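Novice: Just dropping this structure here.
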Amino acid sequence: MKRSILLAIIAFLQFFTSYGQYDWDNVPIPANAGAGKTWKLQTAASDDFNYTFNPTNNVVDFGPNGNMKWYNKYHNRPNGQPNNFEGPGPTKWMQNHVAVSGGNLNIWASRIPGATKSFTGSNNTPISRPETRAGCITNKTRVKYPVFVEARVKVMNSTLASDIWLLSPDDTQEIDIMECYGGPGNDNRNSYFASKIHLSHHVFIRPPNFKDYQPADLNSWWGKNGVTQWGGKTIRIGVNWVSPTRLEYFVDGQMVRILDNDAVQTRLADGTWQYTYPAGVTSTGVNGQLIKENGYQKMNIASSLSDAKNKSNISVIDPFNYLNNGRKFSKEMDIIINVEDQSWQAEAYRSPNAAEMANFYDNNLLVDWIRVYKPVNASAANSAETTSTVEKPASFEPQGQPTEKLQVYPVPATDVLNISQSDYVEARVYNLKGWVMLRKDVIDQKIDVSSLKKGIYILEITKATGETVKQKIVISE
């Protein structure tokens with residue numbers, strides 16, 4: 001009997017050691033791995049920063065227990081040689097502005113009185129501003145689609161940029177996971193941008209014929225009702241790089257934006273979805289220009305993402321074919337985390353002033369963890385690195401009948417459930433024990449249920465207003 005108990009304890013400890021080792025273990029993955037797929041953690045690229053790394057003036061690798069995951073500078077060139085780019089605008093990246101302590105990555109900014117840096121302004125005129133010294137790190141493991149990258153971050157209460165991004169080694173393809181200017185400034189000069197998170201990407205033609213495209217639609221500056229500034233808030237933010245032409249953005253576990261080849265779906269500040277596509281461009285060649293309205297890219301509104309895609313013939317990834325590869329993200333990318341004093345902010349005199357820079361805590365970016373997953377076949381999911389999205393059991397009793405106008409079909413379903421009304425935005429599927437087996441956004445009035453096994457479940461669908469409806473569904477093979 002004692003031997004059995006001892007073996008059980010050993011087995012439990014082995015399980016706990018294998019499966020309870022990361023800070024994010026109890027945080028469900030919000031993105032969909034795809035039909036027949038599950039998520040597998042990429043341990044080399046992921047980090048929960050539960051170790052100590054002290055600032056140094058030297059370029060060094062660092063990570064937990066000798067497992068070197070990062071180097072403390074901007075990413076290297078494709079040939080592995082150092083990249084001497086110091087940073088945008090008045091930014092000067094410094095190795096000694098990076099540390100790991102207290103369970104967080106710390107990247108901060110500072111100034112040296114009298115130090116300035118010159119850069120070229122928007123009208124090709126030279127501009128000089130106080131030099132902002134800041135930290136920058138690069139992951140030693142590159143990523144490529146399909147991949148989900150998510151971080152838990154305390155956004156700086158600063159007009160400086162809190163950044164997590166992906167960049168190809170040749171600097172031509174960029175996906176911005178988070179670009180946030182979270183502080184309004186002591187005179188509220190940055191209040192508009194402080195209330196937004198910029199969900200964007202870039203494609204470039206590099207010098208001598210430099211060109212830079214990024215989405216310029218109003219919805220790329222994402223906001224949420226009740227949030228007047230992101231600075232000082234701790235958020236989860238991630239991107240699911242699904243394919244060369246599809247990006248899905250998540251904030252605090254909720255999908256908020258999709259770029260799908262030639263159309264866009266964005267969750268507005270009130271929680272409702274808006275579906276848009278470009279109203280036009282002057283040309284789809286390299287010399288083309290966006291059609292703008294009130295300073296932003298002019299977009300047409302559609303009734304659904306599929307409707308927008310059917311009506312659009314202009315890429316939202318690379319409308320001017322800068323990449324010359326079929327208008328798609330095709331290259332593996334480096335994961336970069338840094339702080340920046342960006343040129344357009346500095347030119348507009350929205351950089352932190354001396355008094356604001358004196359507050360170290362407002363200008364220190366904290367990253368609790370960053371995790372990276374790739375989808376694998378569910379049948380092959382048998383290692384400790386494989387993670388499903390099943391949540392802890394809920395206290396649940398089926399309740400509330402759907403209104404007569406609402407229909408959920410087919411019955412039984414195999415791969416997709418259709419919902420007859422368009423105002424439902426989120427769905428959860430429970431088994432009869434009350435466990436959440438599936439959690440997804442409702443897209444185009446459809447729910448992908450292909451990952452569910454045969455059986456009877458309870459579907460709970462929620463409107464943007466918070467109103468919910470629950471009913472039984474049947475899944476067949």
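From the backbone N, Cα and C atoms, a Cβ is placed for every residue, glycine too.
Quick paste of what Swiss-Prot says about this protein:
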BINDING   94-104, 123-125, E174, E179, R206, E340  substrate binding site
COMPBIAS  382-391  compositional bias 'Low complexity'
DOMAIN    22-378  domain 'GH16'
REGION    382-402  region 'Disordered'
Novice: So if I draw a 10 Å sphere around the Cβ of H97 (substrate binding site), how many other Cβ atoms end up inside it?
Specialist: 23
Novice: Within 10 Å of the Cβ of E179 (substrate binding site), how many other Cβ atoms can you find? Include all protein chains, please.
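Specialist: I count 21 other Cβ atoms within 10 Å of it.
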Novice: Near N124 (substrate binding site), how many other Cβ atoms are within 10 Å of its Cβ?
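Specialist: Cβ-Cβ neighbours of N124 (substrate binding site) within 10 Å number 6.
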Novice: For the binding-site residues M94, V100, which one has its C-beta crowded by the most other C-beta atoms within 10 angstroms?
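Specialist: Within the set of binding-site residues, the most crowded position is V100.
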Novice: Return the count of C-beta atoms lying within 10 angstroms of the C-beta of G103 (substrate binding site), excluding that atom itself.
Specialist: 13
Novice: Can you see whether DSSP assigns G103 (substrate binding site) to helix, strand or coil?
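Specialist: DSSP call for G103 (substrate binding site): coil, neither helix nor strand.
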Novice: For the domain 'GH16' (22-378), what's the model's average pLDDT?
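Specialist: On average, pLDDT over the domain 'GH16' (22-378) sits at 98.
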Novice: Once the DSSP letters are reduced so that anything not helix or strand counts as coil, what is E179 (substrate binding site)?
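Specialist: E179 (substrate binding site) sits in a strand per DSSP.
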